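So that you can see what the record holds, here are the features copied from TrEMBL:
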- D:Arg340: substrate binding site (BINDING)
- D:11-330: domain 'Aminotransferase class V' (DOMAIN)
- D:Lys196: N6-(pyridoxal phosphate)lysine (MOD_RES)
There are 4 protein chains.
Amino acid sequence: MAGRNHLFIPGPTNTPHEVLSAMHLPMEDHRSPIFPDLFKPILADLKKIFRTETGQCFVFPATGTAGWEVALTNCLNPGDKVLIYRFGQFSHLWIEMAKRLGFTVEFHEVEWGKGIPLDDLEARLKADTGHEIKAVLATHNETSTGVTSDIGGVRKALDAANHPALLFVDGVSSIASIEFRHDDWGVDAAISGSQKGFMLPAGAAILAFSQKALAAASTSTYPRAFLSLQDQINTNKDGYTPYTPSTPMLHGLRKSLELLLAEGIDNIYARHHRLAEGVRRAVAAWGLEICAQPGFESDTVTAIVVPADKDAREVISIAFKKYNISLGAGLSEVSGKVFRIGHIGDMNDVSLLGAIAGVEMALLDSGIAIQPGSGVGAALEYYRATA
Amino acid sequence: MAGRNHLFIPGPTNTPHEVLSAMHLPMEDHRSPIFPDLFKPILADLKKIFRTETGQCFVFPATGTAGWEVALTNCLNPGDKVLIYRFGQFSHLWIEMAKRLGFTVEFHEVEWGKGIPLDDLEARLKADTGHEIKAVLATHNETSTGVTSDIGGVRKALDAANHPALLFVDGVSSIASIEFRHDDWGVDAAISGSQKGFMLPAGAAILAFSQKALAAASTSTYPRAFLSLQDQINTNKDGYTPYTPSTPMLHGLRKSLELLLAEGIDNIYARHHRLAEGVRRAVAAWGLEICAQPGFESDTVTAIVVPADKDAREVISIAFKKYNISLGAGLSEVSGKVFRIGHIGDMNDVSLLGAIAGVEMALLDSGIAIQPGSGVGAALEYYRATA
Amino acid sequence: MAGRNHLFIPGPTNTPHEVLSAMHLPMEDHRSPIFPDLFKPILADLKKIFRTETGQCFVFPATGTAGWEVALTNCLNPGDKVLIYRFGQFSHLWIEMAKRLGFTVEFHEVEWGKGIPLDDLEARLKADTGHEIKAVLATHNETSTGVTSDIGGVRKALDAANHPALLFVDGVSSIASIEFRHDDWGVDAAISGSQKGFMLPAGAAILAFSQKALAAASTSTYPRAFLSLQDQINTNKDGYTPYTPSTPMLHGLRKSLELLLAEGIDNIYARHHRLAEGVRRAVAAWGLEICAQPGFESDTVTAIVVPADKDAREVISIAFKKYNISLGAGLSEVSGKVFRIGHIGDMNDVSLLGAIAGVEMALLDSGIAIQPGSGVGAALEYYRATA
Amino acid sequence: MAGRNHLFIPGPTNTPHEVLSAMHLPMEDHRSPIFPDLFKPILADLKKIFRTETGQCFVFPATGTAGWEVALTNCLNPGDKVLIYRFGQFSHLWIEMAKRLGFTVEFHEVEWGKGIPLDDLEARLKADTGHEIKAVLATHNETSTGVTSDIGGVRKALDAANHPALLFVDGVSSIASIEFRHDDWGVDAAISGSQKGFMLPAGAAILAFSQKALAAASTSTYPRAFLSLQDQINTNKDGYTPYTPSTPMLHGLRKSLELLLAEGIDNIYARHHRLAEGVRRAVAAWGLEICAQPGFESDTVTAIVVPADKDAREVISIAFKKYNISLGAGLSEVSGKVFRIGHIGDMNDVSLLGAIAGVEMALLDSGIAIQPGSGVGAALEYYRATA
């Protein structure tokens, strides 16, 4: 199929050519005296992305899923109770993981399309006077529904309840893209992955831990080995890793950090908001709805609801096979009901307008009546006005 | 500037990632016994792209401009007369080259927007009873105006006049993209470059010569060295080159030929026509005109005329600086009057729709009143109907 | 520092340019309908490398260390007893992991320089009439000492004892390089990593499990999530993965498998033996000893003992800083006593001769009296005779 | 064939991975407002490599052969007389080019193995009282014989004769590697190519011209077009090129210049001398001779004479086919008599020691009696002493 694939899934995101080229290099000795010259500045610069001065960042040669497990198994003890809300596939999977790993999981259902209910959370925390809840697990950006929760609000709820629970945040599809403030929000473990805002291939879990979380880790008795924080701490302090790292991935991350810091983290937030808003304008112009309820709209991914008599999977299939554009599918409860446009990472106006135009073709081909060009027109008027 | 540059100039075109990766390899000994295993099949496969069975293909480590010179200095003798029409910047430059190189250049002006006037040509050839015209120089696709001439028609004019002049064709922005038939059209020298339909970086002049042209070359007394056909003939026969080739470029060309032949040359023509037609539909929907007159529309590049009170350079500047989209400028006589969208090479529907949307923004920002989304809507309806 | 680094550590190994280029490509949708076209043949071809027809192969987005954990936590139950010998840093680390993960670890010390003592093993297995030992953990190639154990012999010991224990083999620095026969040797879990014989960057744990091991996994109650075999089994069957894979790594593995299978697995074994033997001839010509005792010499890495009054770390440091050649350090008990030359992966005679020459310089600079050129001369005579 | 090819031809040379990666990027608009930001600093930094402050540098999208032609056809007039000595294949080819292009070529034979005879030159220049000689053509480093001529001495001869002839220097295999001083030596046209000291693929002729040469160019009537200096001058002044450049090549050159300037041009000279001297020590240890006579030894390539009853082509063939090492062949008069080791570009001690070891194997296999390891031993003792 001639021409490039147009990738608009919410991850892996498009990798800038500078990053791909930075990863294309010979292998190196990860125990050489110069390896720390590569690795130490990465760990330092990651703190600027997570917005932490007091915390510590880590890079595990694994995925975001592993990052969830790092937080759970290092900072908690066997059987500890965690509190989490389920409102999408990724919060669901974190719940399943916590259960499998033997933790006591208190989870509550929230309508898919909404995020963490802060009042409910505060009430539950206040009710937990015995402080049995050892950690609150918060999915910052629920990728499956395009819903962003208010992590600053979660912190306020914890503070209002004067509750000592650790705050673990799944920031896989938010960190390095939309506002995230590790220190200001009192996050204890923040989990991200290389293949989203960091614009790299999958293969690195990128994490930040507060001193409180590290203290908890130092006493935890949960059995762990590959995903041990302590092994990282012991070796990272000298600029090394506990086992063979992917040096190309680190060189890619080095370049990615350079690009992110050159753009400026606040500019990155603003760009993602602007690109997302254009997509939302397009959806409105089509007369369709998005999955996220007002106040919960994600700036990294938009889940669009198809009319009840249509199947979103057909839209996605047509988009891919006929127009070589990759969209995100609805997962689990919203399978067939929504399709998703990822607008995260290395994107700009024209990229998104191409995506919107491609979606228009797929919608029309699927028999969903929209005005051709309407979404693009609405989005580009917004982009023009805000460029 | 975040996000990729969107490249819609009529060359260099977008290089597929497979081609870029094929070029990323260690240097090699170009005199090794295995070098011919790389080079000979390239020369053979090029014949399929030029559509010649009786001709011979060549790759010079230079550019399309050098290709013009190869044809002139190898197949003609000093002072020989050539006939050419001037209807754009590239036909103009070929005229200038022929003059500089001491040939007698008979050239005639044609309105920019039109191509070779076949009746006029036939009349002139018939009038040249002494056969002083040694070569007809034909610009197949005039990149500066988006005009395609009828090379089959040029051959008919030569035949109708029973004129023995050689036929040199500038196919830089046509070959490997729009219909070109070296043998069927009796072309004697066809000149292309790596950076257009071949989807490579600039740096290779890619040529085909008929046996008639090669016979002429064998007796030509024009002084030449670097651009000598004979040196290529002498070494190519064993699979080598007269001087150091760029082996990465050859590996890239190897991969490019694989992609082109896998798609199929007729499919490539059809794809370029379809993509171009979508652009023309968009222009019509905007209420603007294209530079090419009816019957001369190019399928690789469209020059779009801005209203008389506007400056096309501003459209281009806004597109680049504000939206990171690269458009072609109007050159020479049409500078400021037109901007150009290249739709040549590794392109598909969504690429072009992004380009059209980007142009809509730049037009609106330039104060050119168009309906937002109108061009995209018209193009995508055409693409949907013809996909 | 001008000129390339010469990498002769026992991993990461040198990545062929074809593999690096195969990994340099845009990101892809790992849930697309064409993703299985990439992934399924990889899983099938891996079986040819592990030499298993009845087993099943897996690729985890992690490292070889994680591979150890996959075997332990999926196939055993909490507290299960495992038997392992300690004769180097990597057998040591596996012991430590098993302890941390709560298994009952019976381990026995073996002199560093030797491998698994088959008679001792057989005796212990026979003595375990209650079959409390649930798994034998065998380090096939102890990278730290350059020692290869006889895994076929381990199987014979198990059979002689008629013992049902599972056989887990650390083949990180052996598989795809030296003889490994999953089915013939009755291996139950074989663990390798991308950065050794597979000639890729670190970042993939590559595993093979027997049906017996998979059956054990299906009933294991050990808590696990990220490293769950079952999640892989459930998704791999349709050609997908349980969480986002590194598609560049998979494309690299695809290319690596092509190169390995084109060379032929038996030819790869033979090449590694021949290259290793040349290194051993060089060491003998220098009048030095290798760490491995007779019968245990590894064909992927040679640990060379420096005279008692010298520090191997100085040899390594000089080699790196003065000559840009990376050697492996002695680890733990042999730190300072040995340096290591990795001769694994994409290597040939001239590569190794360069390494040997480089080592000669570093030895001489360290005050270790050898005859300049003696090692190279001995090795090249062997290479010439066996090429 | 497993393992990398070891490339020791005198060009193309080994391209550093940083340079290859810098060339791996999307195509760009060479007429964009930011293109000069790339190109202008390249032209400026080239002057540091040529060591000219008053001259001007140029990059033609062609090869070194074209560079010869640029000098001849731009700075001379038709039929002008040039003086040149023939002592190798490349001086021979320059003579042939000058003849073909219609110049009056006075050339004198010099024994292959020697360089420009300065006394003879001075005498001839003094005898040319009518100043019919318009240019002296000097091959700085005759790649075919491994002979370096004294260009400073050529200048002295011109000065001693008070002769106004232009001085054209073929520095293809010297510039950016061994001492070259455009201004100090009063060079008028210096010609290099991308694939030697600049460590890039072939495809760029890199040139420097003095103001005197440029003045001559401004009045020359020799017909030229593609290779016109004036077209470059006209466009380069604004940071552009007269026709489509290879932007990847320019990015590669940008990176190459960074590497060269970071090492320091004097350090580069010293490194090449040291590496070359090691090779010469090896040759002496083998008991063989080099082609270059004393005082003419090249620091970028060594041509080694095989015993009279042996064929150097066999050595080269064995080296390539059996050991995957690429050596340079003897050309023309020394075909079969010499083989060449290129030690130019991105090289270091261990690279060369591998090459020497590989050559030892090929010599022995060819029946040439040398002591195995003797060349390597001699070279490494020299390298150790001088590192």
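Glycine is treated like the rest: Cβ placed from N, Cα and C.
Source: prediction; values computed, not measured.
Across all of the domain 'Aminotransferase class V' (D:11-330), the predicted model scores a mean pLDDT of 98. When the alpha carbons of D:Arg340 (substrate binding site) and the residue listed as 'N6-(pyridoxal phosphate)lysine' are compared, the span between them is 15 angstrom. Neighbour list (D:Lys196 (N6-(pyridoxal phosphate)lysine), Cβ cut-off 8 Å, at least 6 residues apart, same chain): D:Pro10, D:Gly11, D:Pro12, D:Thr13, D:Gly64, D:Val172, D:Ser173, D:Ile175, D:Ala176, D:Ser177, D:Thr300, D:Ile344, D:Gly345. DSSP gives the residue listed as 'N6-(pyridoxal phosphate)lysine' a coil state; it is part of no helix or strand.
Using a 10 Å radius centred on the Cβ of D:Arg340 (substrate binding site) and all shown protein chains, the other Cβ atoms total 27. Under the three-state DSSP scheme, D:Arg340 (substrate binding site) falls in the strand class.
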